[in-house]
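Engineer: Attaching a single structure in structure tokens format; questions to follow.
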Amino acid sequence: MAIATNDTNTKEKAANFLEEIIQESIAKGDTRVQTRFPPEPNGYLHIGHAKSICINFGLAKKYGGKCNLRFDDTNPVKEDVEYVDSIKRDIRWLGFDWALERYASDYFDQLYDWAVVLIKKGLAYVDDQTQEEIRLTRGTVSEPGKESPWRNRSVEENLDLFERMKKGEFADGEKVLRAKIDMAHPNMLFRDPIMYRILHAEHHRTGNKWCIYPMYDYAHGQCDSIERITHSICTLEFDVHRPLYDWFIQALDIYPSHQYEFARLNLTYTMMSKRRLLKLVQEGAVMGWDDPRMPTICALRRKGYTPASVRNFAEMVGVAKRDNVIDLGKLEFCVREDLNKVAERRMAVLNPLKVVITNYPEGKTELFTAINNPEDENAGTRQVPFSREIYIERDDFMEVPPKKYYRLSPGTEVRLRYSYLIRCEEVVKDAEGNITELRCTYDPESGNGSSSDGRRVKGVIHWVSAADAIEAEIRLFNPLFTTEDPDDVAEGGSWEDNLNPDSMIVTRGYLEPSLGEAPIGQPFQFERVGYFCADTDSKPGHPVFNRTVTLKDSWAKINK
Ligand code: ATP
Ligand code: MG
């Protein structure tokens, strides 16, 4: 394997920079660790969020602290309980549990009161300009902005107007509340940032109680402070917001939470923008949010990824301070590594070639004992039926074999896994010359891994008894995009041009009968073929199996 396993060996791993920060504060006597994971309930969580979850919950766990789940529900228009429920399910699936479940909307009263405090201190004012006018007068990096004509309203007038904003006396966009800081500040975010806007919209939790809603920059730090968050961990793009985060906390003189930024996770061949993922769902480019080709956590679960593999991946890629792009192959490596330990083995043939064993009695069935998982002795064994007609994989036979081809070819012998040695006696073809069937003989003495004269063969192939096999729909997944960077487009093109037309290949397969009872989502290794699990689309009489991951890193190498 190209990726050294010691990458995943956490025992000796040096502390990441967030761990160092926490260890330093612990050394100074600040032992309390309180983090939070703050999703906006406006979409499903993806693998990038999984990373943030592992960091926030992981740090709390490691240092004996707590992590809250706080829904950042300050934008009623885009948010929905459907997303709240999916987010909770996904976090639990990853193996984490929160100390408190909170919503930014739980704090709307407190946030309002604090806005009043800022008005009284002369640090906030009601502006009658439209959001568009405000944007146009912000200035540029090299030019200061223009002060609003309403900037110097009296405290009394501001208190009155703000209260009337709350009471619903004004239409959407008619007024905003702004912090009064500095219209010439080099950090553009300090140029009198908007704290509240008017939005006559029903909120999924507070209903119609509010028609003014706080902006992210005003809400987030104050929510952190209320929950006495010690380490407010977010992605790099928020580093310019940090001074403003601190400014509000200082101006209000409340518990000083601190913000720390890490580099967001980017993956090759993967798109993580919620807006674009929503577009794929809405346009039917994928089967839904949980389509196994999506980067969402629910999709990874449906595809057969295990929580441990996702956590191991987050650990393996570590926490960086600079933006980078991780090879999708690393995620698949972690999936394989975990499935190799936990997935039971089964036999399944995806590209069948019929084999008739001419000297085996018609109508007879024998059972052979197969090992469920050589990596786990507790996994036990199962019985696999054998009969006169079986399927083998088409590429386990070659009419004209090259040197060192140890599988089946005319006149040679191969071992059927857990069963007999067979010899190919005859190749049957149709009118076009396609091979339709092989006629073989078996050695009746070779059924327990031996042979009548002690001869050994090098090739062992998998097989399924034709009469007993379950026919299943098999979905083979490939990356959703053809380019490492989905945004890598020619001029005038769009990211959608890079969608992979072969991201899902549907085929049929013959499975050993024990797979008929496979619970949805339980991973199996189809020996020599890959890792698979039963899909949620499975119905009685119509099983559907997803390929979770190939056995080897095949496509990543082919594509490079
Ligand atoms: P939006 O554009 O809707 O804000 P978002 O991806 O930032 O999208 P949030 O729900 O705000 O979504 O994210 C919750 C948390 O997950 C935030 O702390 C955010 O920084 C973090 N997060 C989001 N995307 C990634 C990513 N790719 N890697 C690591 N963390 C991420
Ligand atoms: Mg966000």
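The count begins at 1 with the first shown residue.
Backbone N, Cα and C atoms are what each Cβ position is placed from, and that goes for glycine too.
I grabbed these lines from TrEMBL:
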type	residues	note
DOMAIN	33-340	domain 'Glutamyl/glutaminyl-tRNA synthetase class Ib catalytic'
MOTIF	39-49	motif ''HIGH' region'
BINDING	40-42, 46-52, THR235, 264-265, 272-274	ATP binding site
BINDING	ASP72, TYR216	L-glutamine binding site
DOMAIN	343-443	domain 'Glutamyl/glutaminyl-tRNA synthetase class Ib anti-codon binding'
DOMAIN	460-535	domain 'tRNA synthetases class I (E and Q) anti-codon binding'
Engineer: So what's near the motif ''HIGH' region' (39-49) in sequence-distant terms, Cβ-Cβ under 8 Å and 6+ beyond its ends?
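Structural biologist: Same-chain contacts beyond the flanks: 69, 71-73, 75, 78-81, 83-84, 86-87, 90-91, 204, 264-267, 270, 272, 274, 277-278, 289-290, 294-298, 300, 310, 331.
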Engineer: With DSSP as the yardstick, break the domain 'Glutamyl/glutaminyl-tRNA synthetase class Ib anti-codon binding' (343-443) down into helix, strand and coil residue counts.
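Structural biologist: Counting residues per DSSP class in the domain 'Glutamyl/glutaminyl-tRNA synthetase class Ib anti-codon binding' (343-443), I get 6 helix, 51 strand, 44 coil.
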Engineer: List the binding-site residues among ILE47, LYS51, LEU265, SER273 whose C-alpha is within 10 Å of the C-alpha of ASP72 (L-glutamine binding site), in sequence order, or say none.
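Structural biologist: Qualifying among ILE47, LYS51, LEU265, SER273: none.
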Engineer: So which of GLU40, HIS49, LYS51, TYR216, THR235, LEU265, listed as binding-site residues, have a Cβ under 6 Å from an atom of ligand 1?
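Structural biologist: List returned for ligand 1: GLU40, HIS49, LYS51, THR235, LEU265.
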Engineer: Does THR235 (ATP binding site) have same-chain partners at least 6 apart in sequence with Cβ under 8 Å from its own Cβ, and which are they?
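Structural biologist: Listed in sequence order: SER52, GLU261, PHE262, ALA263, ARG264.
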Engineer: To the nearest whole angstrom, state the Cα distance for the pair HIS49 (ATP binding site) and TYR216 (L-glutamine binding site).
Structural biologist: 18
Engineer: I'd like to know which of the binding-site residues ASN42, SER273 has the most other Cβ atoms within 10 Å of its Cβ.
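Structural biologist: Counting every other Cβ within 10 Å of each candidate, the maximum falls on ASN42.
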Engineer: On the DSSP side of things, how many residues of the motif ''HIGH' region' (39-49) fall into helix, strand and coil, could you say?
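Structural biologist: When I sort the residues of the motif ''HIGH' region' (39-49) into the three classes, I find 3 helix, 1 strand, 7 coil.
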Engineer: Cα distance, TYR216 (L-glutamine binding site) to ILE47 (ATP binding site), nearest Å?
Structural biologist: 23
Engineer: Provide the three-state DSSP residue tally for the domain 'tRNA synthetases class I (E and Q) anti-codon binding' (460-535): helix first, then strand, then coil.
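Structural biologist: For the domain 'tRNA synthetases class I (E and Q) anti-codon binding' (460-535), the helix, strand and coil counts are 9 helix, 31 strand, 36 coil.
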